[in-house]
Ligand code: SF4
């Protein structure tokens with residue numbers, strides 16, 4: 001059989017390099033059908049030895065996770081990287097904001113590499129620095145900015161974390177959002193929560209007992225966020241209009257349909273899901289919480305899980321004694337996470353073997369300094385350093 005060498009990324013091959021961020025690739029990717037990809041990845045990793053440390057986010061494909069030295073959520077992985085100073089190269093199999101966080105927490109000598117620069121995060125991209133600065137100016141004009149503490153989810157770009165650092169704010173993860181919000185309400189009377197409205201709303205209402213009608217949504221595409229001066233004055237939580245394109249898909253009617261089909265099923269969801277879905281769930285928590293819950297569940301129990309499909313599939317494969325189903329009728333992978341595939345991984349590793357350091361993610365010194373301020377405020381909160 002003859003094979004035809006088709007470009008994998010036609011948009012990036014001289015057609016319109018600006019049409020899609022990050023698709024240019026300074027070298028030839030191996031074809032996805034190359035039967036030697038696994039062997040090439042193994043050989044390159046072995047040749048690099050301790051110089052390379054491969055991080056694999058829970059939502060990565062199996063073919064990539066196989067080569068990860070550690071797996072975890074974004075915050076755990078960034079800290080794992082910081083604990084390996086002997087690794088000159090950190091290959092981050094995840095998305096862009098995660099590689100930025102790893103760069104912030106690792107030493108300047110360590111290079112953080114993202115195998116495909118197009119692996120972004122739609123949620124992080126929903127809060128751009130210019131939009132957030134404009135919103136802050138509007139809060140100042142409304143005379144309330146001095147009461148507002150900005151809090152950003154780990155899933156945000158480094159410049160948004162730095163914005164929070166500069167304005168007395170903080171970073172949170174999905175595990176410690178309650179503690180972080182409690183701290184924020186000791187500093188001010190209102191919170192601007194970025195960029196995930198669902199995590200902000202679920203934590204404020206279900207864990208802090210803030211009334212739903214005191215949560216308003218700031219839409220950066222509307223004048224004054226789409227809010228009146230009175231709505232802003234009355235609000236306790238100002239939620240940025242952002243969401244995860246994966247977790248935002250789960251719907252309350254799917255929960256009802258599954259409960260009708262499998263009567264004793266337990267519904268376990270991530271707090272990035274819509275409030276209406278979380279209200280119907282039995283348990284809600286971070287990816288690490290979801291993993292721990294399934295690991296400790298009794299044999300024969302049944303679970304519907306609302307998080308990224310790669311993780312749900314791996315949990316189902318690892319626990320054949322439990323019934324595990326996906327909380328959606330349709331296949332729902334994170335498309336940007338899935339951009340890290342074996343061809344990109346092999347290309348990144350082989351480039352390193354050949355003395356070329358590709359796709360380095362580097363946060364500038366000023367942004368890094370202020371982002372670290374916001375991260376360190378979170379780390380100083382007692383017992384709450386863990387997990388997104
Ligand atoms: S799963 Fe959602 S939050 Fe995570 S990287 Fe994908 S789009 Fe972003």
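The backbone N, Cα and C atoms fix where each Cβ goes, glycine too.
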Do you know which of 215, 244 TrEMBL groups with 121, 334 in the [4Fe-4S] cluster site? 244
Of 57, 167, which one shares the iminosuccinate site with 74, 153, 154, 155, 174, 270, 271, 272, 287 in TrEMBL? 57
Given the [4Fe-4S] cluster site residues 121, 244, 334, which other residues of that chain have a Cβ within 8 Å of the mean position of their Cβ atoms, reported in sequence order? 59, 95, 122, 123, 124, 155, 245, 246, 247, 308, 336, 337
Ligand 1: which of the binding-site residues 57, 153, 244, 270, 334 have a Cβ closer than 6 angstroms to it? 244, 334
Can you count the other CB atoms that lie within 10 A of the CB of residue 270 (iminosuccinate binding site)? 29
For residue 244 ([4Fe-4S] cluster binding site), the close binding-site residues (Cα within 10 Å) drawn from 57, 153, 270, 272 turn out to be 272
